[in-house]
Amino acid sequence: MTTFSPREIVSELDRYIIGQHDAKRAVAIALRNRWRRQQLDPSLRDEVMPKNILMIGPTGVGKTEISRRLAKLAGAPFIKVEATKFTEVGYVGRDVEQIIRDLVEVGIGLMREKKRAEVQAKAHVSAEERVLDALVGTTASPATRENFRKKLRDGELDDKEIDIEVADAGSGMGGFEIPGMPGANIGVLNLSEMFGKAMGGRTKKVRTTVKASYTDLIRDESDKLIDNEVIQREAVRATENDGIVFLDEIDKIAARDGGMGAGVSREGVQRDLLPLVEGTTVSTKYGPVKTDHILFIASGAFHVSKPSDLLPELQGRLPIRVELRPLNKEDFRRILTETEASLIRQYRALMETENLNLDFTDDAIDALADVAVHLNSSVENIGARRLQTVMERVLDDISYNAPDRAGAAITIDAAYVREHVGDLAQNTDLSRFIL
């Protein structure tokens, strides 16, 4: 759990997302409140519930990206789901409890990586011994082993090929659910894991270079040093206390006027979400998981429906409302130049792999922003995603011919941008299909 202050969280988000200060503030406060809750007396800690957030704004303005970056910053189990993928219990499709099961799986992965990092130094020593066994055999004299160990550490043997035995991660068959007990996935996979542990696990022989072998061997040795039960227990605890669920497209399950047909099923999904957001216990193959303190961030464009079309009970469980504004020309300009991995920086780096130097003038950046704003207003507003379409169109020729122009320096100016997308941008009918 991060100890960043709300101000530090916002400045961290500013590196990747332009504008939307209100939304950043809301998620920063929500994340800081999780840390504050952990400092409380246990008797009061259980009473402090997370304040779930509803983000309202058009597509491509940063709703998903804010949540994704927040989860990465927090180092917390995070899952993004589309509300439209779920159906009411009894219908064909995924039921909403699967969200929590998937979140626990993410938590297990995070915890396993954390534990592996803790034992990496020990695992590296064991991995080195296994590489030496592969190089000189187990019966070699101590002097020979030390001689090869020195060469190994100096990198002299990095490209030598060796045969190593590593755990066979692909062994075993999928489990099956016990009827009437969703989530209790006790099956062949679990049985094979149990027998695997008893008999030392299944292995496979792999031929690889000395340098490349370390990745598999360190992972293998790390897994021998960590306790799976501890991982599962701590992952469930982390999921319950720090987990973040991002519910996208929630406006698509808002009931509209005339409550027949699909609308009834949409309302059913909302009713199924209620206990999850309010706090319930979900059965998973790692044990029961309480959802009381999981933070839910819902988002939607609400073009056709409005937040008040959601069930009143669900509205009440999303107390913090944040509106994200549409992007203007200045925002597009900043997205192209100021973000940590801006599109211009990405394309420059891609072309450098072909030994091609790509440069954009200030008026080219203005022209790109102009075209994106014009297309969003005249065709369909898809926010910052429009920039990717425009950039691909502008750089199409350069990308195609890059291998033949190695060593060249290309400067893109406003005239070049207009030449490649100007006509299409002006012709609205064509733009609808091409840009």
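Glycine residues also receive a Cβ, built from the backbone N, Cα and C atoms like all the rest.
As annotated by Swiss-Prot, ATP binding site applies to ILE18, GLY60, VAL61, GLY62, LYS63, THR64, GLU65, ASP248, GLU313, ARG385, with the evidence given as sequence analysis.
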Using DSSP with the three-state reduction, classify LYS63 (ATP binding site) as helix, strand or coil.
helix
Around the Cβ of GLU313 (ATP binding site), other Cβ atoms within 10 Å, all chains included, total 13
Candidate with the highest Cβ count within 10 Å, taken from the binding-site residues ILE18, VAL61:
VAL61
Can you tell me how many other Cβ atoms are located within 10 Å of the Cβ belonging to LYS63 (ATP binding site)?
26
Write out the long-range same-chain contacts of GLU65 (ATP binding site), meaning residues 6 or more apart in sequence whose Cβ is under 8 Å from its Cβ.
TYR16, ILE17
According to DSSP, does ILE18 (ATP binding site) fall in a helix, a strand, or coil?
coil
Per DSSP (three-state), GLU313 (ATP binding site) is helix
